[in-house]
Amino acid sequence: MLTIAMPKGRIMNEALSLFQQAGWPVPLQMELDSRKLVVSIPEAGFTLFLAKPMDIPTYVEYGVADLGVAGKDVLMEQARDVYELLDLGISPCRMAVAGKPDWQPDLHPRVATKYPRIAESYFKEQGEQVEIINLHGSVELAPVIGLAERIVDIVSTGQTLRENGLVELGCIAEVTSRLIANKGSYRLKGEAIQELLNQLEQVI
Amino acid sequence: MTKPQIFEKPMGFRDFPYLLAEKKRLVEDRVRQQFVKWGYREVYTPTLEFFDTVGQASEIPDSRMFKLMDRDGNILVLRPDQTAPIARLVTSVLKREPLPLRLFYHGNVFRAQEKEAGRSSELFQSGVELVGQSCPEADTEVIALSIEALRACEIHFPIIALSHVGLLEGFLRERIDHKAAISKLKQTLGLRDLVAFRQILACLDLSSADRQEILAITRSGLEHDQWKSLMKLARTEPVHDAFVYLERVWNNLEASGCTQLVKVDLSLVGSLDYYTGVYFEGYADGQGFPLVSGGRYDQLYQEFGVDLPATGFALKTDRLLEASPLKPEFPVRLALFYEPHLQKKAWKKAKSLRDDGWIVIMQPMEEGQIRKDLPVDDVLVIADEGGTSLC
């Protein structure tokens, strides 16, 4: 029996259809739109549960989920001790630095982000001294309103940046969703996990 | 900093109330019995060590050590592991002892946590070190002993993931002559990031045959015949020898009857640049974290000025307490109530009961009354009227 943690929201639909293509009888998206958080399909040998994308690596690290689908952005930010098994290639985007086109370095540069660890380590590697400001959403607002000159955030089409008059200044990393596994499950349920991996690899 | 609340403890440190303390004692006793039966001798080392010696030699990165300073300005560390202090002990106090040395310990180690509150900074470990022997039989012995120790805690079917760090390193070196790339690949394996491992591999200038061979050897859960067949891919003597070594460990494990619990996974590397040969981790059903890890670390002793091969493991006692179904058993607990003026009689009675193996709690009566709220199985009263009665 495999327990799989799925992120709620945008990634979930793509991930579910990938599992379906791989021949796993996961429920249709419609059935999951209800408020139900746990779906058990014993005849196929798995249980799915839905959780916040940011929390998926935590469930997997502690082993309450054997597997999970998590964005590389979340994995980079949290650096949890889990196996990263497969790049599902879904919801591709970039972890990027952005700011106004006429952006000028301030005497006291500030960077706003939902990903403080990623931002901190990136600017450290660049040898730049910046103050990281942790926000929880609408990060694009920060340069517009004057909280920070630059932001670090995920960018997919760049639409939100453009709408706020911002441009991408640099790419930190390419981001896609990954299949992750608990260290213990990877050993104890290795065969079932390997089977799923092989099936998913066929359809990616 | 705000003044801590009166009940607070430093972050990462915890109390063991009696139920937990009793279980810890039981688990350690069970484990200790096995260690002793296999001929290992117990040692203790100090809680504080010098950063420049033990701290530097430790496999734990120094960012995770608790440091303090002594009166002379030396930097001290709360011991981050037990293996490095034991290496110091072996090369100093025990340096004239005949080798191999079989040593074990129960101890706490200290590691600063960066993640969330509630994760322990003080971890308990029980482990063994087998020093001065570099043969496959020594590695087999510690693997088999780790399984036996887990079984003693009634974890009957642990899974041991087994690898050989030197083998993988050599195998990569045969195919990639780019040091930085090899260390990058090993780093991704250390982080268990197989996606990045494959990405880096794809970007390297390699023949597709080489790439396939590297992917084949790093696959998890290889069956015996599968990894044995990879042996013919060895191009240099050290890699071939490492395969032969692993094969001998396997055959030995077979003789000891534990191969059904062991899975070979050559992508497992442990702490980077610490382990040199066989490395293993042990897991149990329903447990997300490993219960044991260990392996061969033939370079550590060089930090202490001698060239001694060594292998060992550490059981993660805190995880083991969660995983083990063991329950401490106690004999019946008696409460012995007595009238204060009969205390001599009461003391005598209590002693004879305790000598017979009972647990006896002595409780003077208050105004001829006995308390009903004590957590005991039975009550004994020593009073003027009725004398001694068991109710």
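Keep in mind that glycine also has a Cβ here, set from the backbone N, Cα and C atoms.
Automatic, uncurated: that is what TrEMBL annotation is.
Cross-referencing B:ARG71, B:ARG96, B:ARG111, B:ARG151 with the L-histidine binding residues that TrEMBL gives (B:ASP81, B:GLN82, B:THR83, B:GLN125, B:GLU129, B:TYR274, B:TYR275) picks out B:ARG111.
Pairwise Cα distances among B:ASP81, B:GLN82, B:THR83, B:ARG111, B:GLN125, B:GLU129, B:TYR274, B:TYR275, which the record gives as the binders of L-histidine, peak at 21 Å. For the binding-site residues B:TYR274, B:TYR275, counting C-beta atoms within 10 A of each C-beta gives the highest total at B:TYR275.
In the three-state DSSP scheme, B:ARG111 (L-histidine binding site) falls into the coil class. Sequence-distant contacts of B:ASP81 (L-histidine binding site), defined as residues of its own chain at least six apart whose C-beta falls under 8 angstroms from its C-beta, comprise B:SER58, B:GLU59, B:ILE60, B:VAL109, B:GLN125, B:ALA314.
Long-range C-beta contacts of B:GLN82 (L-histidine binding site), restricted to its own chain and to partners at least six residues apart, with a cutoff below 8 Å, comprise B:THR45, B:TYR105, B:GLY107, B:VAL109, B:GLN125, B:GLY127, B:ALA314. For the recorded site, B:TYR274 (L-histidine binding site), the DSSP three-state label reads coil.
Of the listed binding-site residues B:THR83, B:GLN125, the Cβ environment within 10 Å is emptiest of other Cβ atoms at B:GLN125.
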